[in-house]
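Participant: Before I ask anything, here is the structure I am working with.
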Amino acid sequence: MSRIFSGVQPTNNLHLGNYLGAIKNWVELAAQPKNDCIFCVVDLHALTVYQEPEILRANILAVAKTYLALGIDPAKSTIFAQSQVKEHVQLGWVLNTIAKMGELERMTQFKDKSAQNKNNINLGLFAYPVLMAADILLYDTNLVPVGEDQKQHVELARDLALRFNKLYGETFVVPESVIKKDGARVMGLDDPSKKMSKSAVSANNYISLMDTPAVARKKIMKAVTDSGAEVKGGADKPALNNLLGIYSLLSGASVKDLEKQYAGKGYGDFKTGLADEVEKFLVNFQNKFNAISDKGIEKVLTEGAGKARQLAVAKINLVKNKIGIL
Ligand code: TRP
């Protein structure tokens, strides 16, 4: 059996990049009977940037509903909110005491986020990767499916596990990241040199999972393309590669097949085909999402926290025992 753990921050509506780059991978891993999956809504991480309380509360439920609507089955996988299992914070503190300032200063996400938000470079933002390590190590996680940008954080979790084990004896499983080659980086529709991001200046950068099909279609039709007219990817076609990648992941057709299908046709036809595929996906997703009530998802989270807590408490008791606290 492999234990799988991953999480997403409840900061906003998720977008197509979050799905194709990370959560789609989770769904595939969760479908394999040999895997035991835990998917967390990492609300404590979200607090490292100021959140309007009512919006945060709503977003926690929305992200959990999104997991279900994208195909995670709470009867098979554990779904919970990080703050409901306080052992995450406890282990986070212990790991803080073995994490080095220097290694945290090297985290590219910390550097990026502190450059973007100079007025709120808080201690939590600095310790963010350590809390993430705690999330992972608390559950004897073997595999952590994440987008490419989180690889460095998973490396830190590995280093902290090895360091702790060396100091106190075998305690933590050393995790590995799983990064899917295709779709690991879905790029912005208005700028294919950067990752699709909900914090982009223009909403034309991303397709939110909550966009109406009409809005999504407009964004696709406006998406930048490369010079040339042929629907054929290549090293000098970053925009087309990105659109072909999205199309391929949503439809299941290979990029080669898509290139064949659109041979002799222009970007307009291609984008229309892609917009049809996105529409099909969004309608299906939103129908499922809207069918889940707040009460229903709260129940899923409470049950999930109960399951997660059992594992977390056992691990924390072991850690306390190893380090010599009561
Ligand atoms: N830092 C991750 C992100 O922003 C979210 C996260 C927090 C996470 N804890 C985790 C991902 C543990 C995987 C495992 O995407």
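Backbone N, Cα and C atoms are what each Cβ position is placed from, and that goes for glycine too.
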Participant: Please state which member of VAL27, VAL186 TrEMBL lists alongside GLN9, PRO10, THR11, GLY17, ASN18, GLY147, GLU148, ASP149, LYS195, MET196, SER197, LYS198, SER199 for binding ATP.
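Facilitator: Same ATP site in TrEMBL: VAL186.
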Participant: Between ASP135 (L-tryptophan binding site) and THR11 (ATP binding site), find the distance joining the two CA atoms and give it rounded to the nearest Å.
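Facilitator: Approximately 18 Å lies between the Cα of ASP135 (L-tryptophan binding site) and that of THR11 (ATP binding site).
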Participant: Greatest CA-CA distance (Å) over the residues GLN9, PRO10, THR11, GLY17, ASN18, GLY147, GLU148, ASP149, VAL186, LYS195, MET196, SER197, LYS198, SER199 that the record ties to ATP?
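Facilitator: Pairwise Cα check on GLN9, PRO10, THR11, GLY17, ASN18, GLY147, GLU148, ASP149, VAL186, LYS195, MET196, SER197, LYS198, SER199 gives a maximum of 20 Å.
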Participant: Within a 10 Å radius around the Cβ, which one of these binding-site residues has the most neighbouring Cβ atoms: ASP135, GLU148?
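Facilitator: Checking each of ASP135, GLU148, the winner is ASP135.
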Participant: Please list residues from the chain of GLN9 (ATP binding site) whose Cβ is under 8 angstroms from its Cβ, counting only those at least six apart in sequence.
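Facilitator: The list for GLN9 (ATP binding site) reads VAL41, VAL42, ASP43, HIS45, ALA46, VAL63, given in order along the sequence.
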Participant: Relative to ligand 1, which of the binding-site residues ASN18, ASP135, VAL186, MET196 have a Cβ found under 6 Å from one of its atoms?
Facilitator: ASP135
Participant: Just name the most isolated of the binding-site residues THR11, ASN18, going by other Cβ atoms within 10 Å of its Cβ.
Facilitator: THR11
Participant: By DSSP, what is the split of the motif ''KMSKS' region' (195-199) into helix, strand and coil residues?
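Facilitator: Across the motif ''KMSKS' region' (195-199), DSSP assigns the residues as follows: 0 helix, 1 strand, 4 coil.
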